[in-house]
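Under the heading transmembrane segment, TrEMBL lists A:35-56, A:76-95, A:116-139, A:159-181, A:188-208, A:242-263.
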Amino acid sequence: MNATTTTTRTYEYRLTGAGIIRSEFIKLRTVRSTVWLYASMVVTSVGIAALVATASGNTSDSPILPLTAATIGTSLGQLVAAVLGVLVVSGEYATGMIRSTISAVPKRLPALGAKMLVLFVTTFVVGLVSTFGALFAALPILGSQGVEADYSDGTLVGSLMLAALYLALVSVFSLGLGTLLRNSAAGIAVALGTILLLPTIMQIISALTQAQWALDLFPYLFSNAGMGMYLPGTGSAGLDQWQSTLIVLAWVAAPVIAGAVLLKRRDA
Amino acid sequence: MIHAEGLTKHYGTKTAVDAISFTVKPGLVTGFLGPNGAGKSTTMRMIVGLDRPTAGSVTVNGKPYAEHRSPLTEVGALLDAKAIHTGRSAYNHLLAMGATHGIGKSRVNDVIGLTGLETVAGKRVGGFSLGMGQRLGIAAALLGDPATLILDEPVNGLDPEGVIWVRNLARHLAGEGRTIFLSSHLMSEMALTADHLIVLGRGKIIADAPVSEILAASTRTSVRVRTPQVDRLTELLRGPDTTITTAELGLLTVTGLTAPVIGDAAARAGIVLHELTPVAASLEEAYMELTQDDIEYHTEAPPGVNTTTNTSTQEVAR
């Protein structure tokens, strides 16, 4: 029983950035909720694409565009990414795991950085699988309606990559909220509120008061700017995709920076 | 080696730890005692940087914990058995913890074997009993083969076999020259495990001495007296510094007087004694005495062991 501890200082262990990233990746993939949430993201995206492609042929004279079919699941996928992002860190607070994490990485910010990087990359990859999976599920159905994908100017492929990027950014935004609020319910409420409720609230305000400013703000809201990233033209106000991307990045930066400052300052 | 200097922690207006200074030396098992809320866990959390001190500092092996290049090899800490994600298996928890320091599968399997978790390592931690969670916490603390081990209530929830295992482990690791710092509310456990005690009360150190010294300094040595004339003897011995309790008919336990004093007094009064036995204080009693004095005089500076020999008149009330 004691054999392995009798050897003092035989091991050469060192805290490294690569090690922290590896640790966070192990953590992400060894919790069931992660696997289920990512799986649901892909399944809903592909399923909805197939569904709308089928439906569009039956109901209208102008069939749905391949880009629209491939990204329509993103509006649901963003909710999954938001929940996942919050849980990655709030789950650690709920269970006390955060104290183990901080004991191993006492400077704290490298652990948060690694969490963000791992979540961002994984969600981006799963987002690519979702959007391109949706495209390839929709294309044969649309093809039978005479609609072909147009790869000529790169808009389609670029927009699908931007959709995946948006999903990844939503997860990081929510991770920031989780770090800030340290509570799953509160984090998910604020994340989903920002994505779903904020546009509705602005719509109600503008409808009730005829306020132009509420309409002007519309393309700058988180989820609207997100849609502006992957559906060129929908952002209104004449925002380009890259401009919408910058707006989304600003939204992401706010909770991430605030969360990082508080993580460093607060007692764990 | 752990060294604290003027370590202080306020939570709002409440002072959890009040300017304490102490050193935990390598090669010894140092026990950390104190009533609930005395500040033990807060102190341990400050050592590994989970809580930020309001004032003062604490270093491990000469540096603040966070400044070390490989924190897990400097300090292994079991601070809270529930510091583990319930949705992850024990094996994956240890693997993730170890990965930060490049600690691989073989060392993870080592500590799983060392803590006797082989049969449950693949199961999710949410279903673990308190004792298994405690073993997993100890496994995580041992991952980095640390020079200093900090264990907060390590025997909490362990079965008797586990308690003996922790005791032997602590003694064994101290024997290798490591620094072992453990808190426990079981005084009897400390008497068996620790070489040195730091006693904390209301955020202040009220004793910092070898176990043997704390036992010797205790004034709560009592005398067992057996007599057929209980009432007369009780009347005779009654005094402001004396406590007399009766456990069974004809048997008294007297504190505050020595056996010769009791014997002489009884002889002068013509009272028959069937037994007169001095009983040394247990560590538990010595500890109760220390912490009780601290509560009574908590506004004074913590002077150490010596002043605690001044017993109070309050004991009559006991």
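Cβ atoms are placed via backbone N, Cα and C, with glycine included.
Because TrEMBL annotations are produced automatically, they should be read as predictions rather than curated entries.
Worth saying up front: this structure is predicted, and the values here are computed from it rather than measured.
Stretch with the most C-beta contacts under 8 angstroms to the transmembrane segment (A:35-56), considering only A:76-95, A:188-208, A:242-263: A:76-95. Cβ atoms under 8 Å from those of the transmembrane segment (A:242-263) belong to residues 108-109, 112, 116, 162, 165-166, 169, 172-173, 175-180, 194, 219-220, 222, 225-229, 235 of the same chain, restricted to positions at least 6 beyond its ends. When each of A:116-139, A:159-181, A:188-208 is checked for Cβ pairs under 8 Å to the transmembrane segment (A:76-95), A:159-181 comes out on top.
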